[in-house]
Amino acid sequence: MPHNAPPSLVPHETTSAAGNTSPGALTARAARLNVQMRHHAAQDVIRSAVEAIPRLALVSSFGAESVALLHLASRVKKDLPILFIDTEMLFAETRTYQRDVAVKFGLTHITVVRATEISQYDPDGRLHSTDPDACCTLRKTVPLQSALQKFDGWITGRKRFQSGQRATLPHFEAEAHSDGGPARIKINPLAYWSAQDVQDYIEENNLPRHPLVARGYPSIGCAPCTSAVHPGEDPRAGRWRNQSKNECGIHFVDGKVIRQGAST
């Protein structure tokens, strides 16, 4: 399994706000990090990122598979900043799970990120039913991008097996925004893990499952837009059921929102 690789070769370079964070420079830096870490374990990728990027955060939905990445991160740095986006439409079980996992793993630096303009753009809480893309932008994408302004890199739980834009996902990638926003490094420690790797890691380490998993929710988002999955269905069939939408839109390529494949 990918998480059993030998110890890492920690890169001897750092990324900081004072350094060169132009898209070109970050692309070159990400390429160097990928060469150094291509055959190393997920935990070593996290450790390398922590040492190479002083202003680093991990973004987690505390969803069905999030516990694997959170556990790995807790083994490296318990006070690593973790951003948890509360859309104010989450399942109550997700909020409880977030608190329970934080205590169990000793995570001490969790920031709950919320939108500040909901009352202006979604006063009756019905935007998800009329324009789900706009709802995700309002409640997830904009708040996250605002929270990431103070960081030079962020860790995600994306994986290659989730297909679409993720099929060739590297451990490190440069994220640039066409609107002139700051460029930063995005780290994908689980890029080479399979779906079975994730489940094996959770079981081998006896990690707590999100309570909704046992009730037929293999992929968990906001309550109004998530339903249980029936036997034989795709694991993400319950996300935005009967709609063309299948991605919350918090990931960007060349400054554009990516809506294909599974979400973080």
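One-based numbering along the chain as shown.
Heads up, the Cβ atoms here are built off N, Cα and C, so glycines get one too.
No curator has checked TrEMBL annotations; they are predicted automatically.
Feature annotations, reproduced from TrEMBL:
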REGION    1-23  region 'Disordered'
COMPBIAS  13-23  compositional bias 'Polar residues'
DOMAIN    56-228  domain 'Phosphoadenosine phosphosulphate reductase'
BINDING   CYS135, CYS136, CYS222, CYS225  [4Fe-4S] cluster binding site
ACT_SITE  CYS248  active site, nucleophile
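Shown on the structure are the features that TrEMBL records.
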residue : record                        : Cβ neighbours (10 Å)
CYS135  : [4Fe-4S] cluster binding site : 26
CYS136  : [4Fe-4S] cluster binding site : 26
CYS222  : [4Fe-4S] cluster binding site : 22
CYS225  : [4Fe-4S] cluster binding site : 20
So what pLDDT does the domain 'Phosphoadenosine phosphosulphate reductase' (56-228) average out to?
92
Please classify the secondary structure at CYS222 ([4Fe-4S] cluster binding site) using three-state DSSP.
strand
